Amino acid sequence: MSHSVLKVPPSVIERMQSHYGPDITSLSVQGAVFQAKPQGCTITAYRSGKVLFQGKNAEKEAERWTADAETPAPKKPASKKSIPSVYQPPEGIGSMSVIGSDEVGTGDYFGPITVACVYADKAKLPLLKELGVKDSKNLKDPQIVQIARDLIKTVPYSLLVLRNEKYNEMQEKGMSQGKMKALLHNQAIGNLLKKLDGTRPEAILIDQFAEPAVYFKHLAGKTAVKERTYFSTKAEGIHLSVAAASIIARYSFLMEMDKLSKQAGITLPKGAGPLVDEAGAKLIKKHGEDALRVFTKLHFANTQKAKRIASKR
């Protein structure tokens with residue numbers, strides 16, 4: 001069985017816990033902060049900072065985090081790239097006119113999924129840099145708010161918000177989160193292309209969350225935007241359009257979380273860690289278990305943890 005080990009700081013453990021929220025198991029592993037089981041991989045993050053990736057997709061999942069690692073995983077021997085060449089971003093894409101697409105909220109127990117896409121004309125790339133557009137992971141919330149407010153006045157964009165009640169309804173009907181994301185990205189891109197009214201981007205770049213074949217399989221029966229569409233992990237570092245899309249999506253998520261916190265009467269934390277379990281328990285005590293449907297992604301393991309905490313109070 002393939003495996004990789006990374007050593008990462010606590011801040012990255014928190015980000016990983018948020019990222020893998022839907023896949024976190026309720027199993028208790030000695031010394032572990034969490035264990036998650038995304039497709040083809042078991043990930044165990046320990047309090048020591050070590051993160052163990054096991055399974056056929058171990059190397060692929062570890063690669064997402066190597067840039068953040070204190071001791072990167074050893075280089076693997078050269079092999080065929082997992083993305084078919086037709087979907088790999090072309091050379092020089094960073095200076096092209098591109099639609100970039102990204103999502104936020106998939107690993108957060110509270111709040112919606114927000115998907116944004118941005119058309120960044122190559123003539124506007126210097127302006128985007130001046131506005132402070134870069135990888136949103138390196139920006140704090142106040143910076144996100146300021147830059148996003150400038151962006152929405154500057155670039156053509158499309159934004160979709162999948163709120164919790166609709167999310168839970170779709171999930172209970174058997175739809176995976178991966179399919180939801182594919183549908184949202186495709187719809188947002190289609191909406192933006194209509195806004196552009198004939199202007200053709202040189203490329204469409206999606207921050208990769210699934211293999212291209214799986215992404216398009218999710219869109220079976222829909223009008224899929226496929227021409228000049230490319231996929232890459234860490235796409236925010238490849239083209240500013242994706243970085244801008246991520247900022248707008250995160251801004252929207254923050255605004256939605258503020259609204260939900262006011263509605264709940266308590267501050268709802270981001271992520272899927274212990275603070276979230278505590279907030280979930282407070283929500284249950286204040287509004288009853290039915291309120292979880294409005295505020296949370298019910299299938300996360302946090303639901304049962306919050307119920308257990310609430311039952312003891």
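Just so it is clear, glycine is given a Cβ too, placed from its N, Cα and C backbone atoms.
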Seminar exercise, completed: Among 62-88, 89-115, Swiss-Prot lists region 'Disordered' at 62-88
Problem set entry | Of D23, D197, D207, D258, residue recorded by Swiss-Prot at the divalent metal cation site of D102, E103 | D207
Exercise. Beyond D102, E103, D207, what residues of that chain have CB atoms within 8 A of the centre of the divalent metal cation site's CB atoms?
Worked result: S101, V104, V115, A116, H185, I206, F209, A235, V242, A245, S246, A249
For this session: Would you count the other CB atoms within 10 A of the CB of E103 (divalent metal cation binding site), including those on all shown protein chains?
Result: 25
